Amino acid sequence: MRLLVLFVVTLFSVRRASGAEKGSQLGNKKTLIAEQPECAEDVRKICKDQVSNNLNVLECLQNSQLIWKYKHDLTHSDRFQDAALDLCKGDLEKVPCKPENKDNFISCLLEHKFNITSFKCHQFLGKVATIIFSDYNMIQKFTDSCQNDIEKLKCGRMNFDENALHSQGRTISCLSQHFEDLSNNCQHEILRIAELQSDDFHLDRPLYFACREDREKFCADVHAGEGRVYTCLLRNKNKKGMSDECKEKLFLREKLIMQDYKISHGLVKACRQDIRNNQCRRGTSSNREIKLAQILICLEGATLKGKHVAGECEAEMALHRRMLLEDKNLTPDLLAACSEEIENFCNSHSIDGSILSCLMDHAVPSHQNFSGTGGYTVGPQCIRQVEDLLKVTDASEDWRVDPILEESCQRVVDSSCSSVQPGEGRVIQCLMTKLNSPHMEPACKAALLRLMYFVARDFSLDAQLYKYCHNNAEKFCNAKKDWAEVTKTTDPERGLVTLSCLYHVAYHPTKEKKLDKKCAPEVKRVMRQRALSVDLNPEVEEQCLPDLASKCSSDIEEGDEMECLQDNLEFLEEKCRIAVKNFTIEEVEHRELNPSLTLHCDDIINRYCEDYLDEDSENGDVLECLIAHKREFEVRTSPKCLATIEHFQLISLKDYSFSPKFKESCDHDVMLLCPDLMQHSSTRHKAEIVACLSGKIWQAAIEGKKPELGHKCLDELRSQLLQQQSDIRLNPFLQQSCQTDIDHYCKDVAHTEGKVLECLRENRKFLTKLCQQEIFKADAIAMADNQLDFALVTDCKHMIKRYCSQEDNDHLLECLKSHKDTAEWVNFDQKCKRIIATRMIERSSDIRLNPSLHKACDLEMTKFCAKVILNEIEFSEGKMVACLRDQLIAKKLRPSCEEELANLMKESALDIRQNPTLMNACKFEIKMCINGAQKLEEYSEGEIEECLKAQFVKHAIINDTCKQEVAKLVEAGEADIMADPILYRACSQDIHSHCPGIDHGRGRWLSCLLNVLDENQEHLSSPCSEKLISRKAMFEYAAKVAPIAVETVQELVNQAWSSPSRSYFLIVLTVFVAFIFLGGLFFGRATKRLRAELKNK
């Protein structure tokens, strides 16, 4: 009952609040209602003689018909119009309302209330509006325009409800609920009434009564008028404690606001000047309804262009944008376009209010495939409506306008982006930078990627990008001039053309096309964001949906789809392969497009690769730098960074273009030297090109020539080959050929630091033939250019720096080996010692692994050793060296070849492992020398060979093959003392003393020493004399065991002259000639004498 009293007082009191206060005191003081100054006159007129009893007065006032009749007569009386003329006379010139038109005069004043400045007139019209809007029959034109709709929708039946409180606008409320079903004229009247009610929420009676308690709870300090209470209620409608009845009425109000922005008094008042300045009503009449979307798009466009928009207007815009993104306010067009999608996917989401989020989630095609929802996708009409809604609300500009995003990301923003000022997309940009951080929550990540999926497909939806790049986009990319321009066709912004164009200009500028300083960073920022997920990269995603579904749908973490596509590049469909290839090329050249690199390797990049960060176009320099520092402690202890680097190395093998510096440096050389590989228009595998070019290096080394490659290409090729040596996975031919052997012999060996390759080398004798061939290729390249030997340059890094920093690449091993016999060898790194010995053993196994020997003896190999087949790419186990050794013994080699061969034999004498033929022939005898107690490498230099020679001279070697090999060793030492390092060390001083000026070749030094020995043994030093005596016995026995085949007289002479018994041969020959001479002298002629004529005949 008290409420009714308040209502009556509200109608007729000049001071509404004062009346309510006094009305509340009636019961306390038990005074008569009829005696109250505010009510006395009205009670006497309406209730006449019932004024002495308050109950009778209240009963009288509850008579709906009576009250309605009184209000109707009041609003149609001349006194009512006279009051309006008196109070509003000063403003009549400002409005098009004529007093002569009595039926519409009051309604006209109400429609133009916002143009009236008189306080008394405003106050009067406010009271009139309260009376009029309490019943639709008192609203001019409304009954005529909506009568049919009222009857059709049965919205007039509530007038007869006694509890309806004089209708209180329920008919209008009912019609508002069915707004889409109304006739055009009735829709117009409903919107006009809502606009008139927008000033004061008391005028919307159903909303007023539904929200009275909510107003006191949430908006107690807000004064009514100018739409302030509406705005306050709208801001708080989703808070806990807001009643469902109030929410429902506010929802109806919002639906009308969407149809005509003027219904929101707060928006109209705050943005009136901005709407006028930006001509947002251009082309429309003043009384035509303008949808909220049109105004918001217009004002957002002005903001993005840098035009000033009042702060109060921006706040109202944000409120209304948020309103549009709530499920209950989804536009009829969107609901109609997405009806099937909502039924199929999002029916259950209507309960929790996330229909729009559901539609956005299912609009991502890859999500359909990953989630297994089948082939049904969100239709283009539905997607377009979602895009239009996102553009109207400009959700990416302020994260708070999206309720789901705000709820999901509030904690993340508080922890990681609290210092970022909202607006212009700054908070969303901050969240994108934290997408893979530990602070990111799954719900926030999902909501963020859901929104960014659409932003990535519309250039205009990114506030910062549009603000700074619109002029460039318009100038270079034919983008639309006006952000607010609406088109139903595929335009540059929506068709991805604009962003692709800006990207191309940003990374490949010319004199004519170059982005502004503020635009270029924004383009790069967007490209970084797009690289975070394949869904944000439409150029790739749209081309690769089938491949994503078939190859990257299981066991793939979110965000790893691009790496999956790259790993399967050769198996992708053509369109997808091209898209992934293009993206990978850009990703390699610009590190910001590689999120894993920036996330996991940023600190390492800043430490080791800082010099490459300031360049406009990195051209892959940062990745190359990381590869070069892959063995640094920081990289090795950062598994994710190391994995990222190795992933790049592996995918770079799939296409030559993925290594931009290599491609740029070697394009010409590849075309010239490997034309067959360049004829294929499809993917050009880098591994094939590296194999081709490296073969040219080896061939040039064998021929003793400089490689035909350019200097830059040679440097890049060395880098690629060094990577192959360090990780067998980067040499696909080797890995494929040796996979069985790897599984058998090197199963537990790490792929890094060349360990697998070294393991295979250690087990080369047991490898399959195919694997041996590939190992031979790798060894051949490393021997041709020692800088390509990863293990050598790694294990001997400090020794190289100390002793061989000035040496050429092809002499690096020789330089290190040359210090082996010096006193400094003691200070050598032990790992370096071992790798040098290993490489020397490998080099001795095949002459092709010894380019200097191959070059020096090329003629001899052709002339004397053609029977040794070297055309197969496999190890010859020293066969060619053995053949050349036989020619050394026969003294058929040229000095240059003899010198190189003697050096090789000297090394093999010091380390028997470098003589594969001897190792194979004398396995048992070698075991006898070491007694199985030690490893061969643990014996001192030359000790094992001396042991075999000692057994040989003692006739202890039974194996004929071994005996032959040892005999040839002895004979080789006889042919060139340099091939017998133990003898040479013992007699080096004696040679300088007794054989000055004599070349060492063809046994000359040894012959000299033997002559001295024969003449006077005391002239020689004791060690030399002892060694010569023992060697002389060996020479004699070796000549019997392995006599040298003599094929010509010259060879016979040479053999006799080089023999230790040449003096004996000379004496015998002299005695023979003397005997013939003496015989002729004493015994006369041996033939019969003839006459002279017979001789002349």
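Cβ coordinates are placed from backbone N, Cα and C, and glycine is handled just like the others.
Under the heading repeat 'Cys-rich GLG1', TrEMBL lists 181-241, 308-367, 377-439, 514-573, 708-768, 827-892, 957-1017. Feature annotation from TrEMBL assigns signal peptide to 1-19. Residues annotated as transmembrane segment in TrEMBL: 1064-1084.
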Exercise. If we call contact 3 or more Cβ pairs under 8 Å (sequence gap 6 or more), are the repeat 'Cys-rich GLG1' (514-573) and the repeat 'Cys-rich GLG1' (827-892) touching?
Worked result: no
For this session: Please list, for the repeat 'Cys-rich GLG1' (708-768), how many residues fall into helix, strand and coil according to DSSP.
Result: 47 helix, 0 strand, 14 coil
Seminar exercise, completed: Grouping DSSP H, G, I as helix and E, B as strand, the residues of the repeat 'Cys-rich GLG1' (181-241) number 39 helix, 0 strand, 22 coil
Exercise. With DSSP, how much of the repeat 'Cys-rich GLG1' (514-573) is helix, how much strand and how much coil, in residues?
Worked result: 39 helix, 0 strand, 21 coil
